[in-house]
Amino acid sequence: MVNAPTVALQSIGADTSAPIGRHLLGVVNFTDKSSEITIDKACPRVSVNLAETVGDGFAEVWTTARPVTTGQFGTISWASDGEFFFGAFHIPELPQYAEATEASYTEVLELTESLGYRPFRIWHYISGLNEPNAAGLETYRDFCLGRARVLERSGITHDMPAATVIGAHGGGIVCYLLARRRGAHVNLENPRQVPAYHYPARYGPKSPNFARATHLTAADGSTFLYVSGTASILGHRSMHPGDVAAQTRLALDNVGYVIGPGNLFAHDLNAGQGLADLTAVKVYVRHRADLPVVREICRATLPESADVVYLNADICRSDLLVELEGIAPQQLATSGSPQ
Ligand SMILES: C=C(O[C@@H]1C=C(C(=O)O)C=C[C@H]1O)C(=O)O
């Protein structure tokens with residue numbers, strides 16, 4: 001069993017206690033309503049309003065090898081086991097998000113830095129993602145403005161880790177993240193895509209800032225690849241407008257490339273992976289009617305062993321119809337079975 005955080009995608013309401021020998025680090029319920037983050041002695045519990053019904057939803061259950069302590073820092077609910085950290089914040093629905101995003105992101109960076117942790121994977125779910133805010137700016141671009149202000153102030157110009165920003169069906173902004181205190185991580189780019197932090201101004205007043213994937217080496221030697229939300233983009237352009245099948249294939253191709261041996265070698269890492277190594281895959285589909293064709297392509301491409309969930313969600317650009325993310329456990333500690 002590895003020390004690093006591992007994740008299970010379970011049906012909502014299933015027993016979300018940790019397996020024997022593991023300890024809860026954070027639970028994220030993808031469900032049909034928004035609710036505040038709760039925290040108890042076990043861990044933070046987050047709700048993302050992104051399922052049509054509770055039955056369609058699932059719980060993303062993060063566990064670690066050691067007991068955790070929990071805490072609250074401003075808007076951040078957190079848990080850590082001494083090597084790994086899970087944190088989360090919720091911003092309620094607002095006319096504009098940049099300022100509230102700036103405030104919560106500032107808290108995230110202050111907290112993780114004060115505890116000696118470095119984020120290596122961040123997720124954000126934002127209601128009305130493609131809708132204009134009260135000032136007429138698309139909500140996603142409004143969020144990027146708030147995030148960029150904090151990162152620029154912190155001098156983080158391009159070293160942010162893997163991330164996801166996806167639309168939610170309501171509830172404002174929910175953000176959760178993983179961070180590490182020991183070990184190391186390397187942020188990866190995909191040479192077939194312009195780094196997000198170099199996107200031209202046509203995509204918004206401030207570019208997004210995230211890596212295409214992050215390679216984590218835990219203190220016990222286990223390694224994992226965390227792949228960002230990945231879509232049908234080459235260079236900086238959205239490809240195959242209106243063609244969800246072609247967009248799905250290109251998104252899968254982009255994921256396969258970024259975790260492949262050639263790209264890892266180009267980042268001075270060995271042992272690349274492939275789509276067959278992916279687990280815990282989340283597929284986001286803009287139009288519900290496209291779910292069957294996306295599911296068919298993913299089933300034909302992803303390993304049967306992968307936990308794959310499909311969610312109907314808005315995506316960061318209105319011409320993108322599908323996006324997916326995943327985790328590839330690469331190398332396990334000397335002792336321990338695959339997770
Ligand atoms: C799909 C893309 O971006 C999305 C937006 C992200 C962000 O703003 O942090 C991260 C990954 C994706 O969810 C992309 O630009 O390729």
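Glycine is treated like the rest: Cβ placed from N, Cα and C.
All TrEMBL annotations are machine predictions without curation.
Copied from TrEMBL, the annotated features are:
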type	residues	note
DOMAIN	60-179	domain 'Chorismatase FkbO/Hyg5-like N-terminal'
BINDING	Tyr140, Arg147, Tyr199, Arg212	substrate binding site
ACT_SITE	Glu323	active site, proton acceptor
Proximal but sequence-remote residues of the same chain as the residue listed as 'active site, proton acceptor' (Cβ under 8 Å, at least 6 apart): Thr164, Ile166, Gly229, Thr230, Ala231, Ala251, Val283, Tyr284, Ile315, Cys316
Binding-site residues: Arg147, Arg212 - member with fewest neighbouring CB atoms within 10 Å: Arg212
Those binding-site residues listed as Tyr140, Tyr199, and which of them has the most Cβ atoms within 10 Å of its own Cβ: Tyr140
Across the domain 'Chorismatase FkbO/Hyg5-like N-terminal' (60-179), average pLDDT on the 0 to 100 scale: 97
DSSP-derived helix, strand and coil totals, residue by residue, for the domain 'Chorismatase FkbO/Hyg5-like N-terminal' (60-179): 33 helix, 49 strand, 38 coil
Maximal Cα-Cα distance (Å) across residues annotated as binding substrate, namely Tyr140, Arg147, Tyr199, Arg212: 18
